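In what follows, a structure is listed as structure tokens, so that the remarks can point back to it.
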Amino acid sequence: MSEYLAQTPCKFTIWSSEIDLIRTNLLVNAHPLSTVGRLLQYIHYQIYKQLRAIYQPEEQCTNSEIPHTPLNSINTYFLSYEGRELSATCLLKDITSSSHPDSNHFIRLQLEKRTSPSGSAFDLEYDMEGEFNSMNIQFEINTLSSQRIFNSMEPNLPIGTTLARLEKLALERIKDFEKSAGNLCGIKEDHSVSDLQGFIIKGKQTPMFLNYGSDSDYYKDLNLVDLIGIDFAPAHNSFFTFLFKMNHEQNSHIANDEERFVLEFISDATLSITQMNVKPDTTVKQVKDFICSVYTHSLNLRRNDIKLIYKGQLLHENNFAGNSSKISEYIKEPHEVKVHVQINQEYTESGPGFWNEVFNNPNIFQFMPPDTRSQSPVSFAPTQGRSPAAIRGEERGIPYVTESGNDIVPTDELYRKCIINGDEVVFIPVSELNPQSSYLSVIKGDYGEIKIPISSNDYRINGDNILLSPSAIEQLESALNFKIERPRDSTLLHPSGEHVRAADNTSSANDNNTVENDESAWNRRVVRPLRNSFPLLLVLIRTFYLIGYNSLVPFFIILEFGSFLPWKYIILLSLLFIFRTVWNTQEVWNLWRDYLHLNEIDEVKFSQIKEFINSNSLTLNFYKKCKDTQSAIDLLMIPNLHEQRLSVYSKYDIEYDTNTPDVGQLNLLFIKVLSGEIPKDALDELFKEFFELYETTRNMNTLYPQDSLNELLLMIWKESQKKDINTLPKYRRWFQTLCSQIAEHNVLDVVLRYIIPDPVNDRVITAVIKNFVLFWVTLLPYVKEKLDDIVAQRARDREQPAPSAQQQENEDEALIIPDEEEPTATGAQPHLYIPDED
């Protein structure tokens, strides 16, 4: 199935020259991504219902054929717009965007019958009885478990299904889900409809509150058509997603237990619940699972990414015997206990969207929305006289938005409301209604005189000056083929005919022109340069701070031993240290890349990326980079790709569990593709699905972490810019081959493991030599990141508990003593010789 987002519907009014088919215009609300063929099917279905009610008012219709009616097969009809036949595969948004940008405007389409067969291979036949009576709905409900989000597909729900029925269905599904293991909610079977606090349909901008007043009964009577805003499903296999916010609580039996105690979590990360009721037999794994369920920054957090620290001691999941550690083994106090929680830094980025707002603000649905009908007291005061320029300057600063939150950008073009045939209202540009009786004559060098027709509203004569409107200036620029500079303190002609100063003017009407000119000059010479240079100033300050912060130790060494060296060597060493710091500080590079917009993906680059992915040109080396890049894994693990991932797992025989996060299966998919067990097409298919989803939702509230998305797009764009190695010159071909082999065999990692000092095993002289070599090696790019990874890996290895002495003895005995005496290959029996003790 394909997921569709709830968008502003396209509105159509359908008429036909055949009065027997459509007696009164049909009004239809359709999804913008639906096709003309789908709309034609729905219109045909509506006509079929009306004719069946007329010709068979009391009979039970058993088939789709109605005898003696003017309705024929759907393939004999077509829709036309402004006399042009519309293709059945044309999207409805392409009709509205080209001619009627206003979504509230109805588009007139005509239904006509073909005089001859079209010969099209596109068959529009459909099931008249059940095609347009239902929709597919998917539920997403938050849970108190490691899975965080529960998905449930509800196929073929009647379009008359009310919100009250949807709430009951969601309640039934969450009750069934919480019967499974791993759920920490203590309510379970006692959940009621009142626990549903609100919901939102994916694609809409604002959520809908539930159970907050008497008006909730009205909302609960709304059906799917009212909620989504369209009359029919945009495709046969389409579905919409309802995201419900549900209230969950911890187990009340534990809270009332006398032996229980409370863990209070202290962490820099945001947790939706900061306390946990535990019993003496609660394990450390269960505590980590609880933290995974209440962590607000990521949906893919695992136990291995969490560290619990109590009074400086790390709480391990397993004890030395290999059994699960209980929380009571570390904590003996019977009262509230503070436990520090440390989260892996890879999961500190907060993702956008509805669930992020819910997890970061658990009280988002706790309050009734403000009543817009209530009014606050208004104090009336006499207004001071202000110039029209000041008023218009304030109007330009007021942002206007639609009900859905989209910005409204006013233009300079004026329209006049007109009436056609006494009832139809249209808006026509003023320039089309005014006769072109005036011309602007311009002498352009050797080309002679150029005449530009303008209307009377586009110019005013003020003494020796001609004031032009913005539209007239654009005509003049187009005719002369150059740009006219507009000074901020100039006077322009507003389209309404008023003279308006282009400069910001906040002075009153009785200020003189000298004060206005002085203020404009001050803004132009002082305020504007300071305002424009402020971002650059912040970048420079941040850069100097990072250089100084990362160069404290080298500058301290120079300060202490500088008296032994000449000044020229001190300056040279200082410059060398500064160069080294800038080279190895990734934050400085990222800071200037963002300021200079070097990492931005424009439409041209995005088109190249899309074409590169669709051509299956991604290489195994690229997929290897993606496997080692956590941001790429997080993007492929978004909930919207859940069905596509499961489809790939099923296609290539990868075992998976639909009730648990499939991060392990995704990593296994990468491993099998890189090892050659599975063809590369598996990952190609998954990446195509991801970018199809991203292209659909990129202009809306994004579902993806922006930094991670930009990183992945840059990786793909750089991959697409790589030239074929066979087309390069010989010296570059040799260099590329050498770099590829070094990267493939991880030569840098191997060298660094020998260079980085090991305090446990290295002697003093060896450590000094390694530190000296490491100092110069860190001048190379990307070495610092590799260095941090290796040091962190060594620290994790040291934290692993060593086997006890008894276990080591048992392993040694198992290696020495055979289990049973079996004959050898020569037929002789083996004997164990144990020397006598002295």
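Each position is counted from 1, following the chain as shown.
Note that Cβ sites are derived from N, Cα and C of the backbone, with glycine treated the same way.
The compositional bias 'Acidic residues' annotation in Swiss-Prot covers 809-823.
What Swiss-Prot records for Ser374 (among others) is phosphoserine.
Annotated phosphoserine per Swiss-Prot: Ser376 (among others), in sequence order.
Swiss-Prot lists Ser379 (among others) with the feature phosphoserine.
With helix defined as DSSP H, G or I and strand as E or B, the topological domain 'Extracellular' (560-563) counts 4 helix, 0 strand, 0 coil. The feature topological domain 'Extracellular' is assigned by Swiss-Prot to 560-563, with sequence analysis given as support.
Under 8 Å from some Cβ of the transmembrane segment (537-559) lie the Cβ atoms of residues 570, 573-574, 577-578, 580-582, 584-585, 587-588, 591-592, 595, all in the same chain and six or more residues away from its ends. What Swiss-Prot records for 537-559 (among others) is transmembrane segment, and it gives sequence analysis as the kind of evidence.
Taken from Swiss-Prot, the feature transmembrane segment applies to 564-583 (among others), supported by sequence analysis.
If you take every residue in the topological domain 'Extracellular' (560-563) and average the pLDDT, you get 74. For the transmembrane segment (564-583), the residues of the chain that approach it from at least six positions outside its boundaries are 546-547, 550-551, 554-555, 558, 778-779, 781, judged by C-beta separation under 8 angstroms. When Cβ-Cβ distances below 8 Å are used as the criterion, the topological domain 'Extracellular' (560-563) is approached by residues 570 of the same chain, each at least six residues removed from its ends.
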